[in-house]
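Going by TrEMBL, these are the annotated features:
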DOMAIN    103-229  domain 'Palmitoyltransferase DHHC'
TRANSMEM  12-35  transmembrane segment
TRANSMEM  47-68  transmembrane segment
TRANSMEM  137-161  transmembrane segment
TRANSMEM  194-222  transmembrane segment
Amino acid sequence: MLVLRLLNVVAPAYFLCISLVTFVLQIFVFIPSMFRDLSTTPLFSPALLHGALFLFLSANALGNYVLVIQSSPEDLGKDLNLGKGAEVADWLDGSRSPGSALPSTHFCRLCTRVTQRHDHHCFFTGNCIGSKNMRNFIMFCLYTSLACLDSLVAGMAYISATLSMSFADPLAFLTLLPHSISHFFSGDLLSSEMFVILMLYLWLGIGLACAGFCCHQMLLILRGQTRYQVRKGMVVRARPWRENLQEVFGKKWLLGLLIPVLNVESNYRRQKEK
């Protein structure tokens, strides 16, 4: 349990550090290098277009990240009159089934609360993911993967211009790291260039992980399931996939796709208010 609590602190710090390093590299290294191309008009220069795209992706990723943290799932333990005594201990040791009180409920040991429509506990946000912040979590994964892809392309363009190399060969990226390590220790490669090359592979890994996680979550939403229900083998009532999407994204889904906003039209919320 101590390791999980430590991970709950280290993972958000890791994400924020990576975000800060990416922002600094983009603003102070990659984008200024694009201004060296004098063949394009200043208004439609690659530097300005890329800078606007990166700021849009970053604002959505960080905005939804903050909303995931702020939009914590409600503590149903208060409604169920679960205190700190024997009843919570029943949830902890598994003697009481979460479904015996409400369907799809789960007690999180890290958050110390009972939530409905629980999906999983995200260590990178230090928060549980449920019906209240599921849409913002998916948007966070989506824009994080796009921001990593954008940084990867910009970083490859920078390395290509700095080291006078081409990535036309598909094997060039695969052999870049081992060759760079050998050149670095031989003194032919600067520390700053080696750092950018390492960040390329880090952006690739984070981008692929976030994209895969986003696709997996969307598949579960279309089925009307959560990761917790799949892990526990719970049977869910079959519903049309459009209803499942609307429950998570609401009717004004396009607004949430463009800017980070809370989902105030969740069917779960309307049912709860009734």
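Think of each number as a place in line: the chain as shown, counted from 1.
Including glycine, each Cβ sits where the backbone N, Cα and C put it.
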- What parts of the chain pack near the transmembrane segment (194-222), using Cβ distances under 8 Å and only residues at least 6 beyond its ends? 18, 21-22, 25, 29, 119, 134, 137-138, 141-142, 144-146, 148-149, 151-152, 155-156, 158-159, 173, 176-177, 180-181, 184, 230, 241, 244-245, 248
- Per-region confidence, the domain 'Palmitoyltransferase DHHC' (103-229) (mean pLDDT, whole number): 91
- Query: Mind checking how the domain 'Palmitoyltransferase DHHC' (103-229) divides into helix, strand and coil residues in DSSP?
  - Reply: 80 helix, 14 strand, 33 coil
